[in-house]
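J.: Structure provided below as structure tokens; questions to follow.
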């Protein structure tokens with residue numbers, strides 16, 4: 001541990017507390033988290049296999065759905081094993097540089113998920129509002145560009161957060177992180193000096209990634225609803241609306257959890273820390289858990305392929 005100025009240092013190892021105030025029951029809390037993780041892995045893996053093996057699903061909407069599934073697997077795998085190590089095996093320590101890398105992955109995957117939801121909303125907007133031009137607009141080249149942009153944009157935006165922590169901040173005697181994973185503000189709170197720049201960039205990044213996406217997704221669905229309600233036939237309205245139901249459900253639960261996690265984190269002493277940290281964990285775990293269930297139940301093509309797959313196994 002290199003000393004820089006008296007008791008101020010750059011720690012080589014950090015220690016997770018877990019969920020403050022609930023340490024005695026963390027072993028039990030880990031059970032539903034583990035169950036959600038297993039279901040998320042199984043559901044999203046099945047989704048990826050179905051989309052890959054079925055040529056009829058090689059369309060923009062399902063390609064974006066595959067990207068969402070892959071992101072969900074990566075995001076949950078990035079945090080749950082270490083979380084369970086804290087809860088069950090008393091392995092709370094993590095190297096400082098590894099912690100920074102985990103933070104970069106967590107916030108990058110969060111940004112990718114938000115961007116993929118935006119891409120799916122825009123795809124539905126074009127498919128419903130301009131159906132004759134959908135295949136021309138969402139061609140293979142555009143989908144490839146969207147996939148690259150969706151991945152690179154949040155990954156690059158998070159890098160300054162790492163540099164501000166690694167190069168500009170000094171830490172005091174505590175190495176304890178009141179969290180179950182490396183989150184930006186949880187690390188910043190350990191610093192001894194003014195962290196206004198870190199907080200500002202964190203808010204700016206949250207608005208650029210989450211806030212802007214939320215506005216554009218909301219506008220897309222508003223325009224979709226206006227178009228759907230103006231369709232002359234009831235059957236056409238129901239069909240168009242049903243194609244959007246899974247996306248709306250996923251978008252709603254993602255934004256609801258993000259909203260509560262974001263504002264409880266910035267409410268300081270008004271919200272108990274165990275509530276904030278539990279919501280932060282749910283924010284990262286519930287979407288990967290629910291997304292394949294929602295799309296498996298509500299998307300007819302995916303549901304039919306799942307039923308077909310299991311029937312063929314039973315017959316064999």
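In case you wondered, yes, glycine gets a Cβ from its N, Cα and C as well.
Fair warning: this is a prediction, and the values are worked out from it, not measured in the lab.
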J.: Please identify the range among 62-80, 81-99 that TrEMBL labels transmembrane segment.
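T.: The listed stretch tagged transmembrane segment in TrEMBL is 62-80.
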J.: Sequence-remote contacts (6 or more beyond its ends) of the transmembrane segment (142-165), Cβ cut-off under 8 Å?
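T.: Same-chain residues near the transmembrane segment (142-165) but 6 or more away: 60, 63-64, 67, 100, 103-104, 107-112, 114-116, 119, 184, 187-188, 191, 197-198, 201-202, 205, 208-209.
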